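What follows is a set of notes on a single structure, which appears directly below.
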């Protein structure tokens, strides 16, 4: 096998490092949950029954993967596997990947729908049936549903190990393409269904925030535990999107590389659950600590507080409320400093790199028409927006701690200084949201509708029009934010901004809506684009494939907006329920990290996924002249949207495909 087609090994090393810490912790949580289910009725509910099955599925996935993949490196086991590979051993090594994925996809859907029903429709007949379902019924539904879904995968047995030395699996290309498409479809459906359930749930919580009882608020906290777990499935969605693209285009090199990353992706999907439980389920964490430390009083007392309706429970609630009210007036509400330090650490490396990429792109636009296209014009505006966002955050927030500047800001705060410190956060968020929408739509039009009138107008738009549309659109959206001026610094020592609660609620909700719509529009555009690519894979020219690489550059940039969506989801939740405690203060303190991620991911996307531009940046840094011939080739490539290929190239490609219809992967 060619060395270039060997998967990277560092994905396995990361997986082993994750397993050393997470696997014993996960096993401890499962044992604790089983013990608590035997002692307390609250842990026998439908939610914890589903959660227990999900934990078992994660452990089954990890142990099955270890026994079938890394364990075959041991000589005796390798010999046994190779000798008896026809007894479904080789097939199980491949099929377990998709089977355990579908189990966890259906599991997260069941958990999300159960949260939706319990919180929004507690008195509905279906909710009553779900809540009173017997344990054996829950187990059957949980495991039979993904098994039926996986029959298409499990029936495949045409797998062989290539040799006893490497034990790589031979698989048909048709099976690989079918399974990657099916995996992408299942994970996409999982993300869509769960997102719709949580969207409806948070809409209900927002409308009824003043009427929520304490028991219902506890249910909402459990919903957040599942929501964070759901975010891991969006990362898996990206993984299978890339894998499906490379499989459909029969690009074997990246397919092998992506296969090497599977252990890390699988470990992330499984091992995030115990940390979600420990960080977001305080009652369970308290009992777990009590069991580990053999503190029986802690376990018993905590259980009574959860299940009892006596006056003792009321007293505990009153004590907790008193503690929180005292904490609200104490120094505990000072936000942590580590996110700001993390932002500075990111800026030291990323800001000069971003500025270098920006300057290089400006120079290239003067030398070649390749970088004067609509795509690069929009990308340039997006770079300017990122750099301005970083500059303004630095000058309106970080610099105001400097003694001389602090007094100036405090004295002239009424001249929109205090207001700009707050308003620019949302203004530049909306600029970058509209920017990523413009980039995604431009990619969709150029690749799928190259000959339409709209595409022609977009591709031949003047730079002035592009700049005006890019900046005027988010400015109009931000008028609601920019007109707010009622902000003040609390005192000269801390320089914290005082804002009205109604303004905070409105702005966090508006930010959540704008970022949510951005993710929806861009996801629809890329969904239609990938569907088009899949249907026209065999007829794609090299020029169109180059356009696709630029689309992937924007797609990876889009993923940062999903992280921002989760951030503003939490921020909006805390603001809508008027939670002025540590939660919202902690989320606000995380803003520098979130803002830095949104801005500084772009130069890395450019350098890693745009080879032409990365090559020119490298020549700039090393003080070499630009190769005009290289740039000129890019002109013809970037502006061409033809779908035909020469018969000679097509014939050779088909000949290669016919010669090797099987793929070897580790």
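The chain as shown is numbered from 1 upward.
A Cβ is built for glycine as well, from the same backbone N, Cα and C atoms used for every other residue.
Taken from TrEMBL, the feature compositional bias 'Basic and acidic residues' covers 647-656. Taken from TrEMBL, the feature domain 'G-protein coupled receptors family 1 profile' covers 25-277, 353-606. Marked as region 'Disordered' by TrEMBL: 639-666. Marked as transmembrane segment by TrEMBL: 12-36, 48-68, 88-113, 181-205, 226-247, 342-362, 374-395, 425-446, 467-489, 509-529, 550-570, 590-609.
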Please check if the transmembrane segment (590-609) comes into contact with the transmembrane segment (181-205), where contact means 3 or more CB pairs closer than 8 Å and the residues in each pair are separated by 6 or more positions.
no
By Cβ distance under 8 Å, which residues at least 6 away from the ends of the transmembrane segment (550-570) in the same chain are close to it?
202, 224, 227-228, 231, 234, 238, 241-242, 245, 375, 429, 433, 436, 439-440, 443, 447, 508, 511-512, 515-516, 518-519, 522-523, 526, 529, 583, 587, 590-591, 594, 597-598, 601-602, 605-606, 609-610, 638
Across the domain 'G-protein coupled receptors family 1 profile' (25-277), what does the pLDDT come to on average, as a whole number?
87
Long-range Cβ neighbours of the transmembrane segment (342-362) (under 8 Å; 6 or more residues past either end):
371, 376, 379-380, 383-384, 386-387, 390, 394, 592-593, 595-597, 599-600, 602-604, 606-607, 613, 616-617, 620-621
Cβ-Cβ under 8 Å with the transmembrane segment (467-489): same-chain residues at least 6 beyond its ends:
377-378, 381, 409-410, 413, 416, 418-419, 421-423, 426-427, 430-431, 433-435, 438, 495-500, 503, 506-507, 510, 514
